[in-house]
Amino acid sequence: MCVPDTSYLSSPDFLLLSSRILLALDVPILSYGTYCILFKTPNTMRPVKWLILNLHFWSSILEIILSLFGVPFVFLPHAAGYGLGLIEAPKVWIYLGLCLLVAVDASIALIYENRYYMLYARDSQWAQVRKPCLAAVFTINLLICQPPFLLIPDQPTARKIVLEKLPSLPQYSFKGREMFVLSTSWEIPLISLTAGFFVLTPPIVTFLSLTFYHLAKSSSAVSHHTQKLQRQLIKALTLQSSFLIAILGVPFLAVIATMILEYHYQGLNNLIYVALALHGTGSTIVMILVHQPYRDFTISAICGRFKSPLGEQPELVSPSLRLTT
């Protein structure tokens, strides 16, 4: 006998509550991260300022899509489910989510490629081919996302197939919304996901390895202080991107595992969504902690606020007036 899973963890209510809590955290934390990048980035980090902002921007957009517009209630291992977000357009949000995921990975690759190029490869052969090579890698990755959306099945028939494969699903009602089925088999989405992973991972690993390799070598072209600053920056960027890769990679591996094993547990599917939706806020917190200028500014702002004397009165005369009197 097939018994439906009616636990709160497996319910759409858990997913909606989680998305609202995450959204309440997203807005102030992501906004604060943007402020730190724009106004608290020192001159020593100016070469990577806009690259960090680019990564933060795409990561933030992906987080908002997941927490506000998408909110995917997915029935893995099947590529089917409901969109519980603000606007009912599951096909659009899935496609945008995949494209934004590519943009996040591409932003990480660009950071390491830029550091390698600016520090060690300006006069190398890589300088002549870097732009077309990077454009080709990112274009190929976007094209890899297309096949599942070109083969979307007839929805009434596809819903019937999914419900036959998952007969224990509780009866859901989402204000007239219907289940969206991207594919009736897991092979095509799985191939697209793994192919995209293997296209973007090698550039990230290659440029990171090359940069650390050259940093480890002694160089007389720059001073010891400059080398120290470069190492600190690369280490901070590596910690930030490693957290982002991990918090995106672990759910990605979980999705692949459920598809290959054809295992369905809705509580796990909901937790995969929560982990994905945490990536932007978590990455911003890690960014503030690992980059010393942002960390020092945050600590000074917090300490300055809590150290204010209780009896201190606001200054009634502005400094400019005081100097002229």
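The backbone N, Cα and C atoms fix where each Cβ goes, glycine too.
According to TrEMBL, the protein has these features:
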TRANSMEM  20-39  transmembrane segment
TRANSMEM  51-80  transmembrane segment
TRANSMEM  92-112  transmembrane segment
TRANSMEM  133-152  transmembrane segment
TRANSMEM  188-216  transmembrane segment
TRANSMEM  237-260  transmembrane segment
TRANSMEM  272-290  transmembrane segment
Remote residues contacting the transmembrane segment (237-260) - C-beta distance under 8 A, at least 6 residues beyond either end: 48, 52, 55, 59, 76-77, 101, 104-105, 108, 111-112, 115, 186, 189-190, 193-194, 197, 204, 208, 268-269, 272-273, 275-276, 278-279, 282-283, 286-287, 290-291
Recorded stretch that, among 92-112, 133-152, 188-216, 272-290, has the most CB pairs under 8 Å to the transmembrane segment (51-80): 92-112
For the transmembrane segment (272-290), sequence-distant contacts whose Cβ falls under 8 Å of one of its Cβ atoms, 6 or more beyond its ends: 15, 18-19, 22, 25-26, 29-30, 32-33, 36, 52, 56, 59-60, 62-64, 66-67, 71-74, 76, 235-236, 239-240, 243-244, 247-248, 250-251, 254-255, 298
